[in-house]
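Sharing the feature lines straight out of TrEMBL:
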type	residues	note
ACT_SITE	His194	active site
BINDING	Asp198, Gly199, Asn200, Gly201, Arg202, Val203, Cys204, Arg205	ATP binding site
DOMAIN	106-257	domain 'Fido'
DOMAIN	256-343	domain 'HTH arsR-type'
Amino acid sequence: MYTYSCMFTPKYTLTPKLFTNISQIERLYGRLEGLRIPQKLELNLERDNLIQSTYISNSIEGNPLTFPEVTNILLNDRIPVNRDEKEVKNYFEILKNLEKFTSQKINLEVVCELHKRLLSGVNDKIAGKIRDKKVVIGRYLEGQILQIKHNPPYHKRGKIGNEIQELIDWTVKSSEISTIIKAGIFHHHFVFLHPFEDGNGRVCRLLSALIYLQNNYAANKYFVLDDFYDIDRSLYSDKLHSADSGDKTEWLEYFSDGMKYSLQSALVKYKNAVARLKITERLTPKEQEVLSILQKEEEITSNDLADTLKVSRQQAHNLLRALLEKGFLGKKGSTKASYYYLK
């Protein structure tokens, strides 16, 4: 049983850098919304964003699957056969259906439901349950010496539940505060409280996306939230823990840098995709089929393509060479066994 009272009061300073970042984010998002993108292309880009977010968020937490492996599992709708595959499949399904949660206010039940879905079939014993034990966050150095990076402040289920609800109440009720600041503060403090035994980072990033969705930022549709963190994961961790002492300013500046980067990247990606679509419309059906195949495969040889399309090796070679000359493909090697890949 949890008793709720909003006592959470975060400490931060609206620095010139943070203010400028927020202003630039609003302008960048306005430009994204203003783009006239064909519906089919928009759906494809949204799918790609979901796959990329799924890969990055799980990879940050140590999932060893490569991006092509994750793409293959998700696009081919494969049944996951091990823990790593179940993790990415669960995350993708939640992310894909996250908009279904936008009609209800975020509360502790929603948080636990997301966690339950995330760890379903992965660790059912703890799925959806606030921890009721002490945990520490760290890593083992040489000689099996544990270097503790963070020691969460609370270890009883009731207290942790109350603290999470206070954070949620503050996030929902602070309507006068920028969504960027709210999402950033929520992101840090949720991880700081570490309410679950496992899966905290992923649930936190899902909830951050939900906060954006509920505040009219179409996360996943237009941009990938986690790509900035993937550039330097150690820096992401260091900046996140910089707020553990109480002041969240340094983290918020970094967090808003990330949002700005994600929107800038999205603008470039969308403009390039529109330009490529205009060229693609002039491709032959067979050339378009080759591009579709390479969206699911990391690389391919002319022999592989010949087998897939049921054409001669020379025809397959000609198709690949044409797409190479048009700038759609890259090439590794110079022999008959050369590999081709999407640029």
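From the backbone N, Cα and C atoms, a Cβ is placed for every residue, glycine too.
Where the annotation comes from TrEMBL, it is an automatic prediction and has not been curated.
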Relative to the mean position of the Cβ atoms of Asp198, Gly199, Asn200, Gly201, Arg202, Val203, Cys204, Arg205, the recorded ATP site, which additional same-chain residues have Cβ within 8 Å?
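Once Asp198, Gly199, Asn200, Gly201, Arg202, Val203, Cys204, Arg205 are set aside, the remaining close residues are Glu61, His115, Leu118, Val191, Phe196, Leu206.
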Over the domain 'HTH arsR-type' (256-343), work out the mean pLDDT and round it to an integer.
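Average per-residue pLDDT within the domain 'HTH arsR-type' (256-343): 87.
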Would you count the other C-beta atoms found within 10 angstroms of the C-beta of Arg202 (ATP binding site) for me?
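For Arg202 (ATP binding site), the count of other Cβ atoms within 10 Å is 26.
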Provide the number of Cβ atoms within 10 Å of the Cβ of Val203 (ATP binding site), excluding the reference atom itself.
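That number is 25.
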C-alpha of Val203 (ATP binding site) to C-alpha of His194 (active site): distance in Å?
10
